[in-house]
Structures are given as structure tokens and as C-alpha cells.
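K.L.:
Sharing a structure, written as C-alpha cells. Questions coming.
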Amino acid sequence: MSCASAFDATLTIEIPFPSSEIAEIVFRTLSVDREPPRGNVRKELALSGNTLTAVLIARDPKNLRTAANKFLDYVKLTVDTINRFG
Amino acid sequence: MVIAMGFEGSANKLGIGIIKDGEVLSNPRRTFITPPGTGFLPAETAQHHQSKILDLTEEALKTAGITPSDVDVLCYTKGPGMAPPLMSVAVVARTLAQLWKKPIIGVNHCIGHIEMGRAVTGAKNPTVLYVSGGNTQVIAYSQQRYRIFGETIDIAVGNCLDRFARVLRLSNDPSPGFNIEQLAKQGVKYLAIPYTVKGMDVSFSGILSYIEEKADGLISSGQYTPADLCFSLQETIFAMLVEITERAMAHCGSNEVLLVGGVGCNIRLQEMMGQMAKERGALLHATDDRYCIDNGAMIAQAGLCEFNSGVTTKLDDTFITQRFRTDEVHVGWRS
């Protein structure tokens with residue numbers, strides 16, 4: 001799908017949101033930061049209608065677990081902020 | 001009548017402040033405190049900030065007596081600092097900027113301290129000593145930049161103090177530096193510690209290694225008490241800071257000193273710096289722990305300076321960065 005070689009592990013997370021407006025806020029908020037270089041993980045975000053798709057790519061699947069957990073923490077933080085102040 | 005809201009979380013303090021026309025309407029803060037003998041790590045600190053930030057946002061608005069629609073600009077700490085905590089705060093600031101449809105500004109943490117110090121004390125053009133757990137810099141303003149005249153070549157002075165507090169297993173509540181300061185007051189016997197000023201700069205990692213290595217032996221043998229060691233450490237490192245500050249003042253022909261950053265709360269440091277200033281016919285400016293210690297209002301203050309000079313940050317540029325030099329910022333609000 002993206003720039004993953006045959007030896008990479010990938011994790012694709014698809015999150016449907018109640019509206020495209022909310023999905024766009026989450027997408028724009030989380031697109032800004034790049035993954036830390038020493039984390040050995042690449043992240044690609046895409047927005048399609050209501051759905052946010054994140055593809056995490058790494059050599060070592062263990063790195064994917066950490067990156068996925070952090071990503072989901074930030075998704076939750078963004079969604080909690082929208083629920084509280086939107 | 002511009003209202004700025006500032007979000008700070010580069011280390012273990014999470015602060016949100018609201019400023020209107022130079023008046024601080026609210027400035028609540030939460031500190032992540034770890035058990036004695038330990039320090040705060042990035043992931044746990046980020047978790048702390050994530051768990052507290054929404055409640056703190058509501059508290060800041062409520063105490064200030066304003067609603068989101070009253071806010072004119074959202075300001076957040078772009079850096080320097082620890083990346084996960086910085087990111088936790090930036091994510092919320094970005095989200096609010098989109099929800100409330102407000103402009104956003106990424107602020108340099110060091111400049112936050114400087115501008116808040118200037119605003120609170122009224123210091124016009126001081127030589128600044130910025131000392132905290134993460135930073136140690138001597139700064140002076142010149143031609144629209146805050147220039148770094150001298151700095152630590154390794155660890156910050158506050159880091160040296162915090163890590164020595166771990167060796168002594170002092171409480172981190174309210175902060176390790178505060179507890180070292182209190183214990184130092186009971187010190188009577190002075191231990192000669194390496195004194196490492198390097199021209200305009202200072203070095204603390206060797207001092208820390210020295211005292212970490214020696215402490216247990218000196219205490220268990222009864223030669224020195226923990227209070228004596230705290231006293232000796234403070235006297236040495238504070239004298240070093242006073243020396244490099246004085247050197248910068250002499251270079252700049254300055255008659256004002258401004259002390260900012262968490263270590264700036266230390267009364268002994270204020271005393272020593274004040275004595276040096278007096279001997280030079282200069283004035284010492286210092287703030288209390290509301291503004292010395294990391295807080296949100298200082299980010300709002302620096303952000304307000306930028307905003308009033310026509311600067312905002314595009315949402316796509318609101319990334320955070322662990323390294324952000326004080327002299328990277330164009331200080332367009334000063335002539």
C-alpha cells in the first residue's frame with residue numbers, strides 16, 4: 001500500500017468518526033508531528049470522509065506496539081478534547 | 001483587550017494561564033511528583049499531563065471568568081523540553097484552536113520565562129540568568145534576538161540539584177530543589193567542591209559526579225551531614241552562576257539583572273546575586289514561585305508579544321521540538 005519493503009511489519013488502524021468534520025480535526029491535529037527518529041517507525045495518516053487511517057511501518061513488530069499505543073493515546077486525547085470543548 | 005491563553009508542559013509541570021491586557025486572570029498548575037530517589041521520565045510525565053490537561057483547561061477558564069469565545073489567541077510551548085509531554089499539550093492546543101476557530105502560536109519556553117519576568121518586574125533591559133532543571137543560560141537582548149552569552153556546557157544547574165536530591169533521597173514534593181534549599185539552611189561545615197567556570201560558560205556534570213561519589217561515604221563516616229553537603233553544593237554552584245552573570249553584565253555595561261526559571265526561586269541564589277548587583281550599582285529583579293516555576297501564563301505572555309507584532313503559527317507548523325535555541329526567535333516586539 002505505502003512505502004513498505006517486503007521485510008517490514010505494518011499495522012493499519014482505521015478509525016471511523018461520527019462526522020467528517022471531527023475526523024478532519026483529528027487528522028489535522030495528529031498529522032503535524034513526525035515519528036521520533038530513534039523509534040524506528042514510520043507513520044502515514046490518511047483521511048477519507050469520516051474515516052481516519054493510520055499505517056505504521058517498522059522492521060521490528062515490537063516497535064509497532066509502542067507506536068500504536070502512543071498513537072491511540074493521542075487519538076483518545078484529541079477525541080476527549082472534542083467531546084469536552086467542542 | 002487581547003486575551004491570550006497559554007499552555008505549558010515541557011517538563012513535569014503542567015500549567016495553563018490566561019492573560020488579558022497584561023493582567024493574569026488565572027494560572028493554575030499541576031506538578032507530576034515522583035517518589036524520593038527517582039526522577040520523572042518522559043512517558044509517565046506525558047501520561048500525567050494527558051490525564052490532567054482537560055480539567056485544568058476548564059479550571060483556567062472558570063477562574064478567569066471567561067468563555068472560549070472570549071479567547072483571542074491560543075499559545076503553546078513549542079520547545080525546548082521533553083517530547084512526549086510537549087506533544088501531549090500541543091495536541092490539545094491544536095484541537096482547541098480548530099474547535100474554537102482561534103489562531104495559534106508556538107512559543108519558545110525560555111522566551112516565555114524572559115517575557116514574564118520582564119512583565120512582572122518591570123525590568124527594562126536586564127541581563128537575564130535563566131536557571132531551571134532543564135536550562136542554564138545567561139541571556140542579553142540585542143538587535144531583535146535574545147543572545148546567549150554563556151550557558152552550561154553539559155547539564156543544567158537544576159538538574160545537578162535534582163539528581164543530588166535523589167542521592168540523599170529527599171522528597172520531590174514540592175520540588176527537590178526546594179528541599180535542598182531548606183536543608184542547606186542547617187548546613188554548617190563547608191566541603192570544597194570542584195568549581196568549574198569555563199570563561200562565559202559553566203559545567204556541572206563533573207561536580208555532580210564528584211558529590212554523588214563522595215556523599216554516602218562522607219555521611220556514613222560522620223564527617224559531613226546531608227545539610228552540610230547541600231550547603232556546600234549550593235554555595236559553589238551559585239557562586240559560579242553569579243560569576244558568569246557578572247561577566248555578561250560587564251560586557252554589556254548592564255545595570256539590571258533578571259533571575260528567571262525554577263532555580264530562580266532559591267532565596268540563597270537571590271541573596272548572592274543581589275549582593276553582586278549591589279556591588280556593581282545594579283538592580284536585581286526576581287519573581288516569586290508563581291512565575292519562576294514553569295507556568296501557563298508565561299507562555300501566554302510571550303505569545304501575546306508575538307501576536308501583537310503580527311505573528312501567528314500555521315497549524316501545519318505547530319510541531320514540537322526538543323531543541324529550540326533561545327536565539328532562534330525573531331524578537332519583533334522589541335526595537
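Positions of Cβ are set from backbone N, Cα and C atoms, glycine also.
So TrEMBL lists these for the protein:
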DOMAIN    B:29-300  domain 'Gcp-like'
BINDING   B:HIS109, B:HIS113, B:TYR130, B:ASP294  divalent metal cation binding site
BINDING   B:TYR130, B:VAL131, B:SER132, B:GLY133, B:GLY134, B:ASP162, B:GLY177, B:GLU181, B:ASN266  substrate binding site
K.L.:
For the C-alpha pair, I'd like the distance in angstrom between B:GLY134 (substrate binding site) and B:HIS109 (divalent metal cation binding site), rounded off.
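P.N.:
Pair distance, Cα basis, whole Å: 11 Å.
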K.L.:
What are the other residues, in sequence order, whose C-beta lies within 8 angstroms of the center of the C-beta atoms of B:HIS109, B:HIS113, B:TYR130, B:ASP294 at the divalent metal cation site?
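P.N.:
My list of surrounding residues reads B:CYS110, B:GLY112, B:ILE114, B:SER132, B:ASN135, B:VAL260, B:GLY261, B:MET298.
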K.L.:
Specify the nearest of the binding-site residues B:SER132, B:GLY177, B:ASN266 to B:HIS109 (divalent metal cation binding site), where nearness means the distance between Cα atoms.
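P.N.:
Comparing Cα positions, the candidate nearest B:HIS109 (divalent metal cation binding site) turns out to be B:SER132.
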K.L.:
Out of B:SER132, B:GLY177, B:ASN266, which of these binding-site residues is nearest B:ASP294 (divalent metal cation binding site) by C-alpha distance?
P.N.:
B:SER132
K.L.:
Restricting to the same chain and to sequence separations of six or more, state which residues have a Cβ under 8 Å from that of B:SER132 (substrate binding site).
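P.N.:
Expected: B:ALA11, B:HIS113, B:ALA156, B:GLY158, B:GLY261, B:GLY262, B:VAL263, B:GLY264, B:ASP294.
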K.L.:
Quick check: in three-state DSSP terms, what is B:GLY177 (substrate binding site)?
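P.N.:
For B:GLY177 (substrate binding site) - judged by DSSP and reduced to three states - the answer is helix.
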K.L.:
Which residues of the same chain, at least 6 positions away in sequence, have a Cβ lying under 8 Å from the Cβ of B:TYR130 (divalent metal cation binding site)?
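P.N.:
Non-local contacts for B:TYR130 (divalent metal cation binding site): B:CYS110, B:HIS113, B:ILE114, B:THR136, B:GLN137, B:VAL138, B:ILE139, B:VAL260, B:GLY261, B:GLY264, B:THR326.
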K.L.:
Out of B:HIS109, B:HIS113, which of the binding-site residues is least crowded by other Cβ atoms within 10 Å?
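P.N.:
Selected from the binding-site residues B:HIS109, B:HIS113 on minimum Cβ neighbours within 10 Å: B:HIS109.
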K.L.:
Counting across all protein chains present, how many other Cβ atoms fall within 10 Å of the Cβ of B:GLY134 (substrate binding site)?
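P.N.:
Looking across every protein chain shown, the total is 20.
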K.L.:
Under a criterion of Cβ-Cβ distance under 8 Å and sequence separation of at least 6, what residues of the same chain contact B:GLY177 (substrate binding site)?
P.N.:
B:GLY133, B:GLY158, B:LEU161, B:ASP162, B:ALA165, B:GLY262, B:VAL263, B:CYS265, B:ASN266
K.L.:
In terms of DSSP three-state secondary structure, what is the assignment for B:TYR130 (divalent metal cation binding site)?
P.N.:
strand
K.L.:
Taking only the residues the record lists as binding substrate, namely B:TYR130, B:VAL131, B:SER132, B:GLY133, B:GLY134, B:ASP162, B:GLY177, B:GLU181, B:ASN266, what is the largest Cα to Cα distance between any two of them, in Å to the nearest whole number?
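P.N.:
Greatest Cα separation within the listed binding residues comes to 18 Å.
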